[in-house]
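A.B. asks: So TrEMBL says this about it:
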| type | residues | note |
| --- | --- | --- |
| COMPBIAS | 1-22 | compositional bias 'Polar residues' |
| COMPBIAS | 37-46 | compositional bias 'Basic and acidic residues' |
| DOMAIN | 33-81 | domain 'BHLH' |
| REGION | 1-46 | region 'Disordered' |
Amino acid sequence: MKNDQGSNGADASPTGGSQSNKPPVGTDEWHKLRRDNHKEVERRRRETINDGITELAKIVPGCEKNKGSILARAVQFINQLKENETQNIEKWTLEKLLTEQAIAELSSTADKLKAECQRAWSECEQWKKAAQKAGITVDVDEKGDADAEDAD
C-alpha cells in the first residue's frame, strides 16, 4: 500500500491523519509512527532497487534470477560493451584514415588525368592548326574521329 503525496509535496502520514493530529514527540505512539514511516521508506527503496535489478536482467543476456548474479553479469556485460566500443573506435579510425588516403590518391590521379587530357586537347588543337596551314582540312565527327583530306 503506497501513500499519495499531497499537493505541497509532503508525505501524508500512514494513518491518513493530518500534521496537526501528530502524537506528542517522545511518546510510544510517536515512536511507532516514526518506525512505520521508516519501514515504508525502506520498503519503497528496496522496491526501487529490485525494479532496477529486474530491468538489468531484461537487458543483459544470460542472467540468472539471483540478484548478485544479475549485478555481476551486468558489470561483465558493460565492461564487454566498453571494450567493444574501444575496438570499434580503433577500427573505424583506421578505416577512416585508409579511406582518406584512398580519396587523396584518387583525387591526385584524377587531377593528373585531367591535366593530361587538357595537354592532349591542346596538342590536338596545335596539330589541327598545323594541318590547316599545310592545306589539310580536318573533319571531326561526333565521336572525335577525324578524316583528313589533302587540299592539293
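A Cβ is built for glycine as well, from the same backbone N, Cα and C atoms used for every other residue.
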A.B. asks: List the helix, strand and coil residue totals of the compositional bias 'Basic and acidic residues' (37-46) as derived from DSSP.
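C.D. replies: DSSP classes over the compositional bias 'Basic and acidic residues' (37-46) add up to 10 helix, 0 strand, 0 coil.
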A.B. asks: Mind tallying the domain 'BHLH' (33-81) by DSSP state, helix then strand then coil?
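C.D. replies: Counting residues by DSSP class gives 42 helix, 0 strand, 7 coil.
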A.B. asks: Take the domain 'BHLH' (33-81) and average the pLDDT across it for me.
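C.D. replies: Averaged over the domain 'BHLH' (33-81), per-residue pLDDT gives 95.
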